[in-house]
Every structure is written in C-alpha cells, then in structure tokens.
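Since the structure comes first, as structure tokens, the remarks are kept for the end.
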Amino acid sequence: MATDLQDIVEHMRRFAWPDYLVFVSMLMLCILIGVYFGFVQRKPNTESEYLMGGRTMMVFPIALSLIASFISGITLLGLPTEVYSFGIQYVYVALGVTLMGFVMGFIYLPVFHKLNITSTYEYLETRFDRRLRMFGSIMFTIMNIGYLPIVIYVPALAFNQVTGVNIHVITPIVCIVCVFYTCVGGLKAVVWTDVVQTFSMFGALVLVAVKGTIDLGGSDVVFRSAWNTGRLERPNFDINPTTRHTFWSQLIGGFVYWLQTNAVSQNMIQRYLSLPSVAAGRRALWIFVFGVCLLMSLCSYCGLLIYATYQNCDPLTTKLARAKDQLLPLFVMDILRDLPGLPGLFVAGVFSAALSSLSTCLNSMSAVILEDFVKPFVHKPLSQRTINWIMRSVVVGVGALCAALVFVVEKMGTVLQLTMSLEAITNGPLLGTFTIGILIPWVESRSALTGGIFGVIFMSWLSLKAQYWVATGTIVFPHKPMSVDGCTYEFDRSLANATSTSVYTTDDIFPLFRVSYMWYTFLGAAVTILVSLLCSVLIFGRQDPKTVSPDLMAGFVRRYIHGPDVPSVQGNARVVVLTPNAYGKNGKTSHESAL
C-alpha cells in the first residue's frame, strides 16, 4: 500500500468512464423531463400551470418532491460526518419532525390551502398589510440567495474529491441543467425530476450502507464500535441550553425549526398548495415525515459505518479528507473504487439532492418575485406573455447569480458559516409573524411588523456573534474519541495535536452566545411573538379579534372567537378582511378584499 498521503488521494480518484456515464445520464434524464413537460405535454401556458401545476398534482410525487427539496447535498454529506464526529444525538430530531407533522397538518396547512394563494406571503398582506408581505418576501429572498450557492458548492467539493475536476467546471454545468428544466417545464418538471432524484438519493445511500457493511463483516461490527466509543447513545436529558444536542433541543428546537421550513416557507408550501385538497396535503405531509426520518436514519448509519472503517486512522485528522464534507465521498471511493459505475451512482445521488433543492428554490423565487415584487406595484393587469417572461427570467437570473456566488463561497472561508447563519436570522422571525397571524388575532400589523424587525435584529446579533466565536476557535465542541494510531501512511502528525490559539476560553463567552444552534429558530420566533404582544399591550393597542376573517385563523381559534357555526369561505371567494390601512383611529373600520 502507498505510504504517502498524496499517493493515497490519487489512488482513490478512480472515476472511470462508466461513472461519468451514470452521472451524465442522470443530468440528461432531468433535461428530458423538462423537455417533456415544456414542449411535448402541451398544457395551457398559464401562471397557475407553471407555478402550481394547475393545482391538480398527485400526492405521491409531491411527497417525494418535498423530501428531495428539503434534503440537500449538505444533509447527505453533513449528517454522516455529524454522526461520525459527535454521535447519534442529533438523530433524535426525528421526534421533532413527527411533532411538526401533527401541528402543521391541523393548524397551518388548512389555513393556507383554503385561501387558494400562490405566494405564502400573500397571507401576510391579507391578515395584516402590504408592509408585512414585503417583510416576509424580502426575508425569504435573502435566505435563498445566501443558501443556494452552498447547495451547489458542497456537492461540487464531493465531485472534486472523487474526480479531481475543478469545482468551477462542474457547478456551471449543473446550474445550466437545473435552470433549463425548471425554466421550460415549470412545477411539473421540478416535481418529476425530484421523484427521479429521490430514488437516486435513496439508492446511493443504500448502496454505500450495504457494501460497507459487507466489507466490515456485518452490522454488529458497526454498532459495537459505535457503542464502545459513545457514538450510539441514549437521549441526553440535560436541560442546559448551551449543550449542543439534547433531547429537549432536538424535540422542541427541532420541532420549531422544521415547522418553519415546512409549514410557512414558500419552497415547501407551494407544493402542498398544488394538491387539490387539504386531505391530499396531509397525506403528502406524512409521507414526507416518514421519508425524511428514513433518509436521516440511512445517513446516520453511514456515519457509524465510516467510523467503524476508520476508527484507527481518522481521515479528518490526517487530512486525507481535506474538508468535513469530503468524508463520505472519500469512504465511497475507498469501498467502491473497484466497481465501475457505482461511484458514479453515488455522485449522481449527491447531485440529485443539490438539483432538487436548487430547482425548488428557483421555482419558488419566480413565484415570490412575480406575486410580491411585481404584481402589487403595477397599475394594470399583466398579459400572460409578460407573466411568462418574468417567471422564466427570474429562474435564469437567480440561477446565474448562484453559479457566480460559488466563487465568493470558495474564496472566503468563513462565508460558509456566516451564510448558514442567515437561515437562523430569517427563519425564527418569519415563523413568529405567521404564527401571530394564525393563532393570535388581537395583534395588528404595526405590532407584528415591529416584532418581526426586532426578531431579525436580535437573531443577527446572536447568530453572527456566535459564529464569530466558533470561527475563531473559542467555542469548541468536543468530538467523540478518534485515533490515528493505526495509520499505514505518512502524514503531518503535528496536525493531530493542533489546538485553538484563541486568547479566550469557552467560559469567557457570554452564555447566550453559547446556546445551541438548535434553539435559534425557537428564539427568533419567541422574541418576535413576545415583542409583538408587548407592542399590542403598551403601544399600538389590541385589534378586535372579531374583525379578522375566520379563514385567516386556525380552526380552534376561529371557533373560540366566532363560535362553532361560523361559515368558512373556500377557493376564490371574497372574504371580509380587516387591514390596518383601512382602520380609523379606533381601528374598527373594515373593507373587502378579493383573494
């Protein structure tokens, strides 16, 4: 066996022509699906057809699209590394995901589905006013533009690990393919490519799990090594919020995080609203919950499998894997390099996760830009041709911007952490604002907007400051035991003893900055709701709950405020909605608005 680290790296880069063939076939299949829905299946070229699939989509493909949209390459590559380094404590977030299914299915989903909207943020204007709608749309846009370059960059790192191909060669190609089928095929092309990509993701993980387990001699070897080093562990019931992962952070914090990303985010709600009924939406929701939990379990098992394989020679310490996100690709090439075509199947699975997340965000961005940034500011109805041009131009423009921002992500090392923190900055305040609208009808628009803005400022201060301390090495999370005693190749052993050079210690940091990131969305939502309630009581006054349309509230709130026999408005009917712009001084005047 080679004894030099670089020799090992080159030895593992055996991405042969069958692997490239499998990878290219996946991209070509995505293109063909876009061509079919864009040119062969001739449906009316309308906004509803392009953005919502005519609201007649089927449950199973939508459910698989939801899974593929939420699970990005970051999850496929990051979760095995998380389990490898810290153990399975994170996986108990499945409890929070399950709780989210109940709450979303019975509180949030019926409200959005009943209103027949395209952009989720239309709800905020109907319930409050246009200022809240713009607030939500701007937060969504900022989050997506910060997140999408990472979605492409992380799997490009994996591709670089197994092939040596420069990331700036592969990222434009993948972006062009994704932009093409999203642009020409609309939501239907996105959903059906997601179906293909979901099977590709599951197939890649099952392949790695089965082959790796066989090589080790059985799953009992995997679980025994994990148990002996504390990676396979019971839930941690510590109530300290600064502990990275506990049962409570995964149940409560995980529930709130998944509630925001699934129940009020345009990326996900747009798919639920493409189904014909609330009952169909609930069925898709539970398939999504089961599929995500299964996929996380597979990723976690792969993490334990990697540890069992490298327990005596940690590739992160030796720098055989130069970045944490390259650990799983390294393992794949180690066990599959002599089986042509299978490494290509794995890489296709990773890029499938990236393509599904990117196409979902592009399609959702076209809906938000059209509905929230264009239509409210034009004085006459747009022609269908103009609408089509705007929707497709947004897809092309945002796709090109994402490909360009990969250069920024690559050159500035801390940008990865800082950009990921943007999600925490926007998620909590957005969930808080929607929750106020659906559950707290006595809060009016000025109070809700003040709470949302204060929530964004607070979370910006908290998450960016915490990320700074993490980046400087002051806040360090202890890993599970790792060893390099069994390495058979040469590496820089000084790396194994490297420590932080920060002049501060973790105990010097203000405790709030040490709070687990799993609580961030919860904190953002809680601060937003609390400030809004205080403003309602102390500054702007309460809104009469009876002046809020029943269809804008959760069912149990509606029955409490308006009684059990209040009629429910369906579809495109007109509802009486009170907005602050129509209030007199006492806030009692209402006006009609058409949904």
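The backbone N, Cα and C atoms fix where each Cβ goes, glycine too.
Features of the protein shown, as given by TrEMBL:
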type: TRANSMEM; residues: 20-39; note: transmembrane segment
type: TRANSMEM; residues: 59-79; note: transmembrane segment
type: TRANSMEM; residues: 91-111; note: transmembrane segment
type: TRANSMEM; residues: 132-159; note: transmembrane segment
type: TRANSMEM; residues: 165-184; note: transmembrane segment
type: TRANSMEM; residues: 285-310; note: transmembrane segment
type: TRANSMEM; residues: 345-369; note: transmembrane segment
type: TRANSMEM; residues: 389-409; note: transmembrane segment
type: TRANSMEM; residues: 415-440; note: transmembrane segment
type: TRANSMEM; residues: 447-464; note: transmembrane segment
type: TRANSMEM; residues: 517-540; note: transmembrane segment
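Counted as Cβ pairs under 8 Å, contacts with the transmembrane segment (389-409) are highest for 132-159 among 20-39, 132-159, 447-464, 517-540. For the transmembrane segment (165-184), the residues of the chain that approach it from at least six positions outside its boundaries are 27, 30-31, 33-35, 37-39, 152-153, 156-157, 159, 190, 193, 351, 354-355, 358-359, 362-363, 392, 395-396, 399-400, 402-403, 406-407, 410, judged by C-beta separation under 8 angstroms.
Sequence-remote contacts of a segment are chain residues at least 6 beyond its ends whose Cβ falls under 8 Å from one of its Cβ atoms, and for the transmembrane segment (132-159) they are 72-74, 77-78, 119-122, 124-125, 165, 167, 170-171, 174-175, 265-267, 323, 325-326, 328-329, 347, 350-351, 353-354, 357-358, 361, 364-365, 368-369, 372-373, 376, 398, 401-403, 405-406, 408-410, 416, 419-420, 422-423, 425-427, 429-430, 433-434, 445, 448-449, 452-453, 456.
Distant neighbours of the transmembrane segment (517-540): 93, 241, 244-245, 249-250, 252-254, 256-257, 260, 424-425, 427-429, 431-433, 435-436, 440, 442-444, 446-448, 450-452, 454-456, 458-459, 462-463, 466; these residues of the same chain sit at least 6 beyond its ends, with a Cβ under 8 Å from one of its Cβ atoms.
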